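Peer 1: Please see the structure below; I have some questions.
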Amino acid sequence: MAAVDDLQFEEFGNAATSLTANPDATTVNIEDPGETPKHQPGSPRGSGREEDDELLGNDDSDKTELLAGQKKSSPFWTFEYYQTFFDVDTYQVFDRIKGSLLPIPGKNFVRLYIRSNPDLYGPFWICATLVFAIAISGNLSNFLIHLGEKTYHYVPEFRKVSIAATIIYAYAWLVPLALWGFLMWRNSKVMNIVSYSFLEIVCVYGYSLFIYIPTAILWIIPQKAVRWILVMIALGISGSLLAMTFWPAVREDNRRVALATIVTIVLLHMLLSVGCLAYFFDAPEMDHLPTTTATPNQTVAAAKSS
(Lines of atoms letter the chains of each structure in order from A and count residues from 1; the text may use other names and numbers.)
(Lines give C-alpha, C1' and ligand atoms only; values in the text may rest on other atoms or scores of the structure.)
Protein backbone atom coordinates (compact mmCIF):
# COMPACT_ATOMS: atom_id res chain seq x y z
CA MET A 1 0.00 0.00 0.00
CA ALA A 2 2.84 2.28 0.81
CA ALA A 3 4.43 1.52 -2.54
CA VAL A 4 1.30 2.67 -4.34
CA ASP A 5 1.18 5.90 -2.35
CA ASP A 6 4.83 6.52 -3.11
CA LEU A 7 4.19 5.92 -6.82
CA GLN A 8 1.26 8.34 -6.89
CA PHE A 9 3.23 10.91 -4.94
CA GLU A 10 6.13 10.62 -7.36
CA GLU A 11 3.84 11.16 -10.40
CA PHE A 12 2.34 14.25 -8.79
CA GLY A 13 5.77 15.52 -8.02
CA ASN A 14 6.97 14.96 -11.60
CA ALA A 15 3.92 16.77 -12.98
CA ALA A 16 4.44 19.67 -10.65
CA THR A 17 8.09 19.82 -11.61
CA SER A 18 7.20 19.77 -15.33
CA LEU A 19 4.64 22.55 -14.93
CA THR A 20 7.14 24.61 -12.99
CA ALA A 21 9.77 24.16 -15.67
CA ASN A 22 7.34 24.73 -18.57
CA PRO A 23 4.36 26.89 -17.53
CA ASP A 24 3.08 27.04 -21.13
CA ALA A 25 2.53 23.30 -21.39
CA THR A 26 -0.90 21.88 -22.25
CA THR A 27 -2.82 20.36 -19.34
CA VAL A 28 -5.72 17.88 -19.40
CA ASN A 29 -8.17 17.29 -16.56
CA ILE A 30 -8.48 13.52 -16.01
CA GLU A 31 -11.78 13.86 -14.16
CA ASP A 32 -13.47 15.38 -17.25
CA PRO A 33 -12.30 13.43 -20.34
CA GLY A 34 -14.61 15.37 -22.66
CA GLU A 35 -12.92 18.65 -21.95
CA THR A 36 -10.58 19.95 -24.62
CA PRO A 37 -6.93 20.69 -23.84
CA LYS A 38 -6.26 24.14 -22.50
CA HIS A 39 -3.31 26.33 -23.37
CA GLN A 40 -1.75 28.61 -20.86
CA PRO A 41 -2.00 32.37 -21.48
CA GLY A 42 0.68 33.74 -23.71
CA SER A 43 1.08 30.56 -25.72
CA PRO A 44 2.60 31.51 -29.10
CA ARG A 45 1.37 28.31 -30.75
CA GLY A 46 -2.28 29.41 -30.90
CA SER A 47 -1.76 33.09 -31.67
CA GLY A 48 -1.52 32.63 -35.46
CA ARG A 49 -4.69 30.55 -35.62
CA GLU A 50 -6.58 33.09 -33.50
CA GLU A 51 -5.56 35.88 -35.87
CA ASP A 52 -6.81 33.83 -38.83
CA ASP A 53 -10.10 33.25 -37.02
CA GLU A 54 -10.49 36.98 -36.47
CA LEU A 55 -9.89 37.67 -40.16
CA LEU A 56 -12.15 34.90 -41.44
CA GLY A 57 -14.80 35.17 -38.75
CA ASN A 58 -15.96 32.70 -36.14
CA ASP A 59 -18.82 31.25 -38.16
CA ASP A 60 -17.88 27.93 -39.75
CA SER A 61 -20.21 28.51 -42.70
CA ASP A 62 -18.55 31.82 -43.47
CA LYS A 63 -15.15 30.12 -43.39
CA THR A 64 -16.33 27.47 -45.78
CA GLU A 65 -17.70 30.06 -48.22
CA LEU A 66 -14.53 32.13 -48.07
CA LEU A 67 -12.28 29.13 -48.58
CA ALA A 68 -14.41 27.92 -51.47
CA GLY A 69 -14.36 31.39 -53.04
CA GLN A 70 -18.13 31.47 -53.37
CA LYS A 71 -20.89 33.46 -51.71
CA LYS A 72 -24.51 32.58 -51.33
CA SER A 73 -26.44 34.41 -54.05
CA SER A 74 -30.01 35.57 -53.57
CA PRO A 75 -32.76 34.72 -56.08
CA PHE A 76 -32.92 37.09 -59.03
CA TRP A 77 -36.43 38.29 -58.12
CA THR A 78 -35.26 39.71 -54.79
CA PHE A 79 -33.88 43.16 -54.07
CA GLU A 80 -30.74 41.69 -52.51
CA TYR A 81 -29.78 40.10 -55.83
CA TYR A 82 -29.60 43.47 -57.63
CA GLN A 83 -28.12 45.21 -54.62
CA THR A 84 -24.88 43.29 -55.11
CA PHE A 85 -24.37 45.02 -58.48
CA PHE A 86 -24.22 48.40 -56.70
CA ASP A 87 -22.00 47.21 -53.85
CA VAL A 88 -18.98 49.39 -54.63
CA ASP A 89 -17.38 52.26 -52.80
CA THR A 90 -16.21 55.62 -54.08
CA TYR A 91 -12.58 54.52 -54.27
CA GLN A 92 -13.42 51.60 -56.56
CA VAL A 93 -15.52 53.78 -58.88
CA PHE A 94 -12.83 56.47 -59.12
CA ASP A 95 -10.16 53.83 -59.65
CA ARG A 96 -12.11 52.32 -62.56
CA ILE A 97 -12.75 55.76 -64.05
CA LYS A 98 -9.04 56.49 -63.84
CA GLY A 99 -8.31 53.17 -65.52
CA SER A 100 -10.71 53.98 -68.36
CA LEU A 101 -9.03 57.34 -68.93
CA LEU A 102 -5.50 55.90 -68.86
CA PRO A 103 -5.56 52.52 -70.61
CA ILE A 104 -2.26 50.72 -70.15
CA PRO A 105 -0.97 48.70 -73.11
CA GLY A 106 -0.65 45.05 -72.22
CA LYS A 107 -2.91 45.39 -69.17
CA ASN A 108 -6.43 44.00 -69.06
CA PHE A 109 -8.97 46.49 -67.70
CA VAL A 110 -11.26 43.73 -66.43
CA ARG A 111 -8.54 41.81 -64.61
CA LEU A 112 -6.79 44.94 -63.33
CA TYR A 113 -9.74 47.04 -62.10
CA ILE A 114 -12.97 45.02 -62.12
CA ARG A 115 -11.45 41.84 -60.66
CA SER A 116 -14.57 39.65 -60.98
CA ASN A 117 -16.66 42.30 -59.22
CA PRO A 118 -18.55 44.14 -61.98
CA ASP A 119 -20.84 46.93 -60.89
CA LEU A 120 -23.75 48.76 -62.47
CA TYR A 121 -23.46 51.85 -60.27
CA GLY A 122 -20.70 53.46 -62.30
CA PRO A 123 -22.08 52.63 -65.77
CA PHE A 124 -25.61 53.77 -64.82
CA TRP A 125 -24.59 57.18 -63.52
CA ILE A 126 -21.98 57.70 -66.21
CA CYS A 127 -24.64 57.13 -68.88
CA ALA A 128 -27.12 59.39 -67.05
CA THR A 129 -24.55 62.18 -66.73
CA LEU A 130 -23.56 61.80 -70.36
CA VAL A 131 -27.20 62.07 -71.47
CA PHE A 132 -27.70 65.41 -69.73
CA ALA A 133 -24.25 66.65 -70.76
CA ILE A 134 -25.03 66.01 -74.43
CA ALA A 135 -28.56 67.45 -74.27
CA ILE A 136 -27.63 70.59 -72.32
CA SER A 137 -24.44 71.21 -74.28
CA GLY A 138 -26.32 70.76 -77.55
CA ASN A 139 -28.87 73.39 -76.57
CA LEU A 140 -26.19 75.80 -75.39
CA SER A 141 -24.21 75.27 -78.58
CA ASN A 142 -27.29 76.06 -80.64
CA PHE A 143 -27.83 79.21 -78.61
CA LEU A 144 -24.23 80.42 -78.88
CA ILE A 145 -24.02 79.83 -82.62
CA HIS A 146 -26.96 82.17 -83.31
CA LEU A 147 -26.33 84.59 -80.48
CA GLY A 148 -26.79 88.16 -81.69
CA GLU A 149 -29.02 87.35 -84.66
CA LYS A 150 -32.15 89.50 -84.47
CA THR A 151 -34.27 87.06 -86.45
CA TYR A 152 -33.37 84.09 -84.25
CA HIS A 153 -35.62 83.05 -81.40
CA TYR A 154 -34.12 80.51 -78.99
CA VAL A 155 -36.37 77.63 -77.97
CA PRO A 156 -34.96 74.91 -75.66
CA GLU A 157 -35.25 71.47 -77.20
CA PHE A 158 -36.16 69.18 -74.32
CA ARG A 159 -36.68 66.29 -76.69
CA LYS A 160 -32.90 66.06 -76.99
CA VAL A 161 -32.83 64.59 -73.49
CA SER A 162 -35.06 61.66 -74.43
CA ILE A 163 -33.23 61.15 -77.73
CA ALA A 164 -29.83 61.17 -76.04
CA ALA A 165 -31.07 58.79 -73.33
CA THR A 166 -32.38 56.34 -75.92
CA ILE A 167 -29.12 56.40 -77.89
CA ILE A 168 -26.74 56.15 -74.92
CA TYR A 169 -28.58 53.49 -72.93
CA ALA A 170 -29.34 51.42 -76.02
CA TYR A 171 -25.66 51.46 -76.93
CA ALA A 172 -24.52 50.70 -73.37
CA TRP A 173 -26.80 47.64 -73.10
CA LEU A 174 -27.61 46.27 -76.54
CA VAL A 175 -24.07 46.33 -77.93
CA PRO A 176 -22.65 44.48 -74.89
CA LEU A 177 -25.50 41.99 -75.15
CA ALA A 178 -24.72 41.31 -78.81
CA LEU A 179 -20.99 41.09 -78.09
CA TRP A 180 -21.54 38.71 -75.19
CA GLY A 181 -23.71 36.45 -77.35
CA PHE A 182 -21.11 36.48 -80.11
CA LEU A 183 -18.28 35.62 -77.70
CA MET A 184 -20.31 32.79 -76.20
CA TRP A 185 -20.97 31.42 -79.67
CA ARG A 186 -17.31 31.61 -80.65
CA ASN A 187 -16.21 30.03 -77.37
CA SER A 188 -18.35 27.02 -78.19
CA LYS A 189 -16.27 26.57 -81.34
CA VAL A 190 -12.84 27.75 -80.20
CA MET A 191 -11.76 27.59 -76.58
CA ASN A 192 -10.42 31.01 -75.63
CA ILE A 193 -8.27 31.54 -72.58
CA VAL A 194 -10.05 34.77 -71.57
CA SER A 195 -13.84 34.98 -71.29
CA TYR A 196 -16.10 37.68 -69.89
CA SER A 197 -19.54 37.65 -68.35
CA PHE A 198 -22.33 39.90 -69.59
CA LEU A 199 -22.03 42.22 -66.58
CA GLU A 200 -18.28 42.57 -67.07
CA ILE A 201 -18.84 43.64 -70.68
CA VAL A 202 -21.53 46.14 -69.61
CA CYS A 203 -19.16 47.47 -66.96
CA VAL A 204 -16.37 47.98 -69.51
CA TYR A 205 -18.67 49.78 -71.95
CA GLY A 206 -20.12 51.96 -69.21
CA TYR A 207 -16.76 53.18 -67.95
CA SER A 208 -15.46 53.65 -71.49
CA LEU A 209 -18.14 56.34 -72.01
CA PHE A 210 -16.85 58.54 -69.18
CA ILE A 211 -14.38 60.32 -71.45
CA TYR A 212 -17.30 61.69 -73.47
CA ILE A 213 -18.69 63.67 -70.51
CA PRO A 214 -15.95 66.36 -70.53
CA THR A 215 -15.81 66.05 -74.30
CA ALA A 216 -19.53 66.86 -74.63
CA ILE A 217 -19.09 69.88 -72.37
CA LEU A 218 -16.21 71.16 -74.50
CA TRP A 219 -18.31 70.65 -77.63
CA ILE A 220 -20.06 73.89 -76.65
CA ILE A 221 -17.14 75.71 -78.27
CA PRO A 222 -18.55 76.84 -81.65
CA GLN A 223 -15.55 75.72 -83.68
CA LYS A 224 -15.87 72.62 -85.85
CA ALA A 225 -12.13 72.01 -85.91
CA VAL A 226 -11.95 72.00 -82.11
CA ARG A 227 -14.94 69.66 -81.87
CA TRP A 228 -13.49 67.15 -84.29
CA ILE A 229 -10.12 67.20 -82.51
CA LEU A 230 -11.91 66.53 -79.22
CA VAL A 231 -13.94 63.67 -80.65
CA MET A 232 -10.83 62.06 -82.11
CA ILE A 233 -9.04 62.25 -78.75
CA ALA A 234 -12.02 60.76 -76.90
CA LEU A 235 -12.46 58.09 -79.54
CA GLY A 236 -8.78 57.17 -79.38
CA ILE A 237 -8.82 56.75 -75.58
CA SER A 238 -12.10 54.86 -75.26
CA GLY A 239 -11.61 52.87 -78.45
CA SER A 240 -8.17 51.68 -77.36
CA LEU A 241 -9.64 50.66 -74.01
CA LEU A 242 -12.25 48.49 -75.72
CA ALA A 243 -9.76 47.02 -78.18
CA MET A 244 -7.20 46.11 -75.51
CA THR A 245 -9.88 44.65 -73.26
CA PHE A 246 -11.62 42.42 -75.80
CA TRP A 247 -8.63 41.40 -77.90
CA PRO A 248 -7.58 38.68 -75.40
CA ALA A 249 -11.10 37.22 -75.64
CA VAL A 250 -10.80 36.66 -79.41
CA ARG A 251 -7.06 36.25 -79.79
CA GLU A 252 -7.22 32.45 -79.93
CA ASP A 253 -9.92 32.54 -82.60
CA ASN A 254 -9.46 32.67 -86.35
CA ARG A 255 -7.30 35.64 -87.29
CA ARG A 256 -9.87 37.17 -89.62
CA VAL A 257 -12.69 36.67 -87.14
CA ALA A 258 -10.65 38.23 -84.34
CA LEU A 259 -9.70 41.29 -86.39
CA ALA A 260 -13.24 41.69 -87.71
CA THR A 261 -14.59 41.60 -84.15
CA ILE A 262 -12.25 44.31 -82.90
CA VAL A 263 -12.84 46.48 -85.97
CA THR A 264 -16.61 46.16 -85.51
CA ILE A 265 -16.33 47.16 -81.85
CA VAL A 266 -14.30 50.26 -82.73
CA LEU A 267 -16.56 51.20 -85.67
CA LEU A 268 -19.70 51.03 -83.52
CA HIS A 269 -17.97 53.19 -80.93
CA MET A 270 -16.98 55.66 -83.64
CA LEU A 271 -20.53 55.70 -84.98
CA LEU A 272 -21.83 56.65 -81.54
CA SER A 273 -19.42 59.54 -81.02
CA VAL A 274 -19.61 60.94 -84.54
CA GLY A 275 -23.38 60.52 -84.63
CA CYS A 276 -23.86 62.42 -81.37
CA LEU A 277 -21.59 65.21 -82.58
CA ALA A 278 -23.34 65.49 -85.93
CA TYR A 279 -26.90 65.35 -84.58
CA PHE A 280 -26.69 67.39 -81.39
CA PHE A 281 -24.02 69.94 -82.31
CA ASP A 282 -23.22 70.27 -86.01
CA ALA A 283 -26.79 70.56 -87.28
CA PRO A 284 -28.65 73.08 -85.10
CA GLU A 285 -32.21 73.75 -86.09
CA MET A 286 -33.02 77.30 -87.15
CA ASP A 287 -35.97 78.87 -85.39
CA HIS A 288 -36.46 82.35 -86.73
CA LEU A 289 -39.25 84.74 -85.94
CA PRO A 290 -42.03 84.61 -88.52
CA THR A 291 -41.87 87.36 -91.14
CA THR A 292 -44.84 88.57 -93.20
CA THR A 293 -44.66 89.77 -96.77
CA ALA A 294 -47.32 91.94 -98.37
CA THR A 295 -49.14 90.34 -101.28
CA PRO A 296 -50.16 92.38 -104.36
CA ASN A 297 -53.86 92.23 -103.38
CA GLN A 298 -53.09 93.59 -99.93
CA THR A 299 -51.11 96.45 -101.51
CA VAL A 300 -53.99 97.38 -103.82
CA ALA A 301 -56.49 97.24 -100.97
CA ALA A 302 -54.32 99.49 -98.86
CA ALA A 303 -54.02 102.02 -101.71
CA LYS A 304 -57.82 102.16 -102.25
CA SER A 305 -58.52 102.65 -98.59
CA SER A 306 -56.12 105.55 -98.49
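Just so it is clear, glycine is given a Cβ too, placed from its N, Cα and C backbone atoms.
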Peer 1: I'd like to know whether GLU200 shares a side of the membrane with GLN223 - going by the topological domains in Swiss-Prot.
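Peer 2: GLN223 and GLU200, as annotated in Swiss-Prot, occupy opposite sides of the membrane (different topological domains).
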Peer 1: Which one of ASN139, ASN297 shows up in Swiss-Prot with the note N-linked glycosylation site?
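Peer 2: Per Swiss-Prot, N-linked glycosylation site applies to ASN297.
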Peer 1: Write out how many residues of the topological domain 'Cytoplasmic' (184-200) are helix, how many strand and how many coil, based on DSSP.
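Peer 2: Across the topological domain 'Cytoplasmic' (184-200), the residues distribute as 9 helix, 0 strand, 8 coil.
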Peer 1: On the 0 to 100 pLDDT scale, where does the topological domain 'Lumenal' (141-162) sit on average?
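Peer 2: The average pLDDT of the model in the topological domain 'Lumenal' (141-162) works out to 80.
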